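Asks: Here you go, one structure.
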Amino acid sequence: MTTTLVSATIFDLSEVLCKGNKMLNYSTPSAGGCLLDRKAVGTPAGGGFPRRHSVTLPSSKFHQNQLLSSLKGEPAPTLSSRDSRFRDRSFSEGGERLLPTQKQPGSGQVNSSRYKTELCRPFEENGACKYGDKCQFAHGIHELRSLTRHPKYKTELCRTFHTIGFCPYGPRCHFIHNAEERRALAGGRDLSADRPRLQHSFSFAGFPSAAATAAATGLLDSPTSITPPPILSADDLLGSPTLPDGTNNPFAFSSQELASLFAPSMGLPGGGSPTTFLFRPMSESPHMFDSPPSPQDSLSDHEGYLSSSSSSHSGSDSPTLDNSRRLPIFSRLSISDD
């Protein structure tokens with residue numbers, strides 16, 4: 001009786017082991033596996049039961065232990081934590097090292113552009129805020145930050161507010177709701193608009209005098225003024241305190257020396273002050289800048305031009321030429337023709 005029970009138990013055990021070995025052979029086939037096959041102990045000779053593999057893996061050991069424990073009535077041993085961890089495909093080996101380094105939620109949040117740009121209402125009303133240092137609003141004037149606004153911020157009236165009397169954006173609206181916002185914006189612009197005026201300096205002929213400096217400062221009230229200072233006489237220039245002293249400067253000349261230098265080239269008379277001639281208007285000395293007389297061929301061309309222009313205006317009233325408005329060169333040419 002005892003022998004029958006033992007043989008039946010061995011038979012069941014060998015059958016389970018053979019089934020497990022079949023699965024292992026299908027998953028990991030090897031060329032030398034047939035050499036390691038052996039007959040199961042206690043199996044019938046002609047039964048034709050499949051053979052088992054002698055090399056066992058941890059999974060087959062687990063099945064054997066589970067079978068033996070079921071026969072003895074003991075609870076089946078569970079897989080160790082390491083074995084179960086590797087049997088789970090969703091868990092990687094490096095996952096255990098990555099778990100402690102995971103970021104806590106909310107630790108790496110990025111502050112918005114409106115961070116600390118408004119006062120915290122609970123802190124202003126109650127003097128305390130449940131968020132503490134993590135609050136996105138300013139706890140006092142010292143934490144309040146300035147917000148960069150658009151250039152057209154608060155420059156136009158809010159249509160919604162002035163149409164229905166209510167704006168859903170409230171104080172955050174970018175348009176004007178009342179006169180106080182307009183006044184506050186205008187005050188801020190006035191402070192930014194005050195800038196120092198651009199100052200220029202003029203030096204007339206390289207020698208600025210006191211009168212020229214006073215005239216230049218009076219004319220430069222507006223930075224766009226480019227009106228030059230009034231022309232001064234030579235006596236003012238020669239008597240300017242900024243001119244170098246004649247005793248120390250070898251290139252300083254008196255009015256008489258200037259007259260002696262320019263008289264031969266300009267045909268100045270012997271008497272009179274040379275400064276009166278040097279600073280006369282051009283209308284009083286027209287021959288000073290006259291060009292040399294033109295040759296005879298240019299005269300003929302000029303006469304042909306006058307004849308053609310007079311014939312072109314034959315159909316209409318011929319214009320009358322005013323001799324006083326003609327240039328000196330043409331008046332001389334007309335005299336030479338006569």
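Glycine is no exception: its Cβ is also placed from the backbone N, Cα and C atoms.
Swiss-Prot feature annotations, pasted as is:
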COMPBIAS  101-113  compositional bias 'Polar residues'
COMPBIAS  305-318  compositional bias 'Low complexity'
MOD_RES   Ser54  phosphoserine
MOD_RES   Ser90  phosphoserine
MOD_RES   Ser92  phosphoserine
MOD_RES   Ser203  phosphoserine
MOD_RES   Ser318  phosphoserine
MOD_RES   Ser334  phosphoserine
REGION    93-113  region 'Disordered'
REGION    185-338  region 'Necessary for mRNA decay activation'
REGION    273-338  region 'Disordered'
ZN_FING   114-142  zinc finger
ZN_FING   152-180  zinc finger
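Have a look at these and tell me how they're positioned relative to everything else.
Replies: With DSSP states grouped into helix (H, G, I), strand (E, B) and coil, the zinc finger (114-142) comes out at 11 helix, 2 strand, 16 coil.
Look at the zinc finger (152-180): DSSP puts its residues at 11 helix, 2 strand, 16 coil.
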